[in-house]
Amino acid sequence: MAMSPSLFYPVEQELCSLEKNLKAVAGTRHPILYAAAKHLFDAGGKRVRPALVFLVAKATSEKQDINTGQKRLAEITEIIHTASLVHDDIIDECTTRRGVKTVHNLFNTKIAVLAGDFLFAQSSWYLANIENLAVVKAISKVITDFAEGEIRQGLVHFDPSISIDAYIEKSFYKTASLIAASCRGAAMLNGSNHQINNDLYLYGKHMGLAFQIMDDVLDITGSTKSLGKPAGADLINGNLTSPLLFSLTQEASLNDLIDREFCNSTDIASTLFLIKRSGGITKAKDLAKEQVQAALSCLQFLPQSTPVSSLKELTHFIITRLS
């Protein structure tokens, strides 16, 4: 299901400007890095993260304005996210993302590593110029969290003993941390009080977890065409996600497939079938819905406004997409 344009209507103009600015970020004196970075941003994406920054910025402003610091924060958030995808694709040996070739597949691994590093460096430079130490600290911690999440994931490849709690914690580091910190950062740049800042951090955290669980479900249920990558790609790389973890108690034969690391040509298809048969997808959806409800509860103290309504609609969209 596509992201509805109406969800981001209150910040449509800001998102258009963001697209232009992201292309400018790729403007470097090194042609090959320029080509790699431009390829990434041209691939598009839902731009959920910067949209959330803009919506939170308007939701916490009496005049529903977005200041310069918040515009920079939205750009930084998307740059960091994009940089992390480049490195993730190298580690997971993905050949496509969003239906186009990954950077290391189009160029080579060396260029992809440098492109990811370049984007992280650019984000750090823009972040330093926001001139709000609390926001700088919060977003800087996210980059550390990315590394923490990747290490945790790497240590449990093809490990069926991983708990749901450990899965959630890893998902926080890899996905939710950035969304949580950027939502809080947008509110902080409006001078919001501690309670509002904390509520929006938790909103972003629960939204991020719901999105990650949703992506993990879609990795099982989606098609190569809709995903822009092969179904079961996470499993192929040894990343055992919630639908499979929930299925292990019902389908003992999954352990044999995991033990041989899905090496046979039919193993992934068999695994997807067993996950669907066992009810693992339903349980994963229920877990995502719990996160969605937790996110909604974090918005209850914000004054009603069009941006707040969009935040709620975006939250409900996750439930709709998982239905």
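Yeah, the Cβs are placed from backbone N, Cα and C, and that goes for glycine too.
Its own atom aside, the Cβ of R49 (isopentenyl diphosphate binding site) has 23 Cβ atoms within 10 angstroms in the protein chains shown. Residues or ranges marked as isopentenyl diphosphate binding site by Swiss-Prot: K46, R49, H81, R98.
Annotation for D88 (Mg(2+) 1 binding site): same-chain Cβ neighbours under 8 Å, separated by at least 6 residues, are C94, E150. Per Swiss-Prot, the feature Mg(2+) 1 binding site maps to D88, D92.
Residues or ranges marked as Mg(2+) 2 binding site by Swiss-Prot on the basis of similarity to another entry: D88, D92. D92 (Mg(2+) 1 binding site) counts 18 other C-beta atoms within 10 Å of its own C-beta, drawing on all protein chains shown.
Taking a C-beta cut-off of under 8 Å and a sequence gap of six or more, Q212 (all-trans-polyprenyl diphosphate binding site) has these contacts in its own chain: S171, K174, T175, A176. Among the features that Swiss-Prot reports, all-trans-polyprenyl diphosphate binding site is placed at R97, K174, T175, Q212, with the record citing similarity to another entry.
In this structure the alpha carbons, written CA, of K46 (isopentenyl diphosphate binding site) and R97 (all-trans-polyprenyl diphosphate binding site) are 13 Å apart. Counting other Cβ atoms within 10 Å of each Cβ, the lowest count among the binding-site residues K46, H81, R97, K174 belongs to K46. Among the residues the record lists as binding all-trans-polyprenyl diphosphate, namely R97, K174, T175, Q212, the two farthest apart have Cα atoms separated by 17 Å.
Under DSSP, T175 (all-trans-polyprenyl diphosphate binding site) is assigned to a helix (H, G or I) in the three-state scheme.
Taking only the Cα positions, the spacing between R97 (all-trans-polyprenyl diphosphate binding site) and H81 (isopentenyl diphosphate binding site) is 14 angstrom.
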